[in-house]
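Structure first, then comments.
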Amino acid sequence: MADKKGSSSEKLLYCSFCGKSQHEVKKLIAGPSVFICDECIDLCNEIIRDEATASEKDAAAAARSDLPTPHEIRESLDQYVIGQEQAKKILAVAVYNHYKRLKHLGKKDDVELSKSNILLIGPTGSGKTLLAQTLARLLNVPFVIADATTLTEAGYVGEDVENIIQKLLQNCNYEVEKAQRGIVYIDEIDKISRKSDNPSITRDVSGEGVQQALLKLIEGTMASVPPQGGRKHPNQDFLQVDTTNILFICGGAFDGLEKVIMQRSDKTGIGFAAQVKSKEERDVSEVLPQTEPEDLIKFGLIPELIGRLPVVATLAKLDEAALMQILVEPKNALVKQYQKLLAMEGVELEIRPGALSAIARKAIRRKTGARGLRSILEQSLMDVMYDLPNYKGVQKVVIDENTINGDAPPLLMYEEQQPKVAGSN
């Protein structure tokens, strides 16, 4: 019992937990057949606070362990993307900070962390799209690629910018929560630049108009998307997707941007400190890293959009050595893919170093970068892949420089027989 008889007729009350009487404590709170004093309440609150702090620390540690560090992100990118070291470092830090920020959301704090979307600038075939794809695969988040050239303002013929979010939803089976933490890669962003750096008087539905529409999406808005796809109509219930926490990566070749940068640097470089290098001597890969917001405005992007893409990474033009590495080194290297295809026929594929060099040189001449490597190799192997299922006893196919240049067909090596040229009887 929490009450005891004293010497007088007065009934003394005691704390059911520590046993102190009502005279020894400041306050005694009554419950059904029990009492608790203010000291025991303070002690309970202290225990709860300590346990809550410990669980918060454990949760934060678990959240950090789930998220790869910038070094781990960079290492994963290295497995698929050759070169572009500075761009990979910039992307690794930006993506790490973005998802760290998402884990911080919901906590009461004076400092509000804003989103840092990314702009990738680099020539065709330098790895912009592959970098974005690899990041999404590593982080296991929904990912979509959109082509800026197909977009128009709402109400005009073409794709509405909100179609991008619809595709993102489709890629995660219409799970809105997942979509709101996804990555959107908008390619060819340079192709929707306005025609001059002055605000347009006439309507530009596929240039400045699209930039304005994208601006709302990128900075964060509630996008209305028809459920399970389909066209919008007035009497329809829409899915509401908040784009505030979606990471937007915009990419483009920005052909001619180097001229804008050189014009600016030539003006600021007059005098004894001016660089002596001529415009012809300055490589595009040297110039693009000097990109400033004013250059992008001059090129035709609106200032508001540039402001929403604070992280800028430039990718260098791939040289012959880098293209040769791309052919053989990444996890999904092109040579490995074709070796796997021929291995399914029980045939070994050997591509000699001279052939790799010839493929790289051909891609450079075509100005297609890494993107053009597959078509060159496919063209060289086309006849072999067509005839191989009908051949018997072929052990190895050899591709050399002459095959790539179109001077000779691939060499077929038969079991315990002399080499034979493909297509000969």
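Just so it is clear, glycine is given a Cβ too, placed from its N, Cα and C backbone atoms.
Long-range C-beta contacts of CYS18 (Zn(2+) binding site), restricted to its own chain and to partners at least six residues apart, with a cutoff below 8 Å, comprise CYS37, GLU39, CYS40. Summarising the annotation, Swiss-Prot assigns Zn(2+) binding site to CYS15, CYS18, CYS37, CYS40 and lists sequence analysis as the type of evidence.
Look at LYS128 (ATP binding site): DSSP puts it in a helix. All chains included, 26 other C-beta atoms sit within 10 angstroms of the C-beta of LYS128 (ATP binding site). Summarising the annotation, Swiss-Prot assigns ATP binding site to PRO123, THR124, GLY125, SER126, GLY127, LYS128, THR129, LEU130.
The domain 'ClpX-type ZB' annotation in Swiss-Prot covers 3-56 and rests on sequence analysis. In this model, the domain 'ClpX-type ZB' (3-56) carries an average pLDDT of 80.
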Per DSSP, three-state class assigned to CYS40 (Zn(2+) binding site): helix
Cβ neighbour count (within 10 Å, all chains shown) around CYS40 (Zn(2+) binding site): 18
Nearest-integer angstrom distance between the alpha carbons (Cα) of CYS15 (Zn(2+) binding site) and LEU130 (ATP binding site): 68
Secondary structure at CYS18 (Zn(2+) binding site), reduced by DSSP to three states: coil
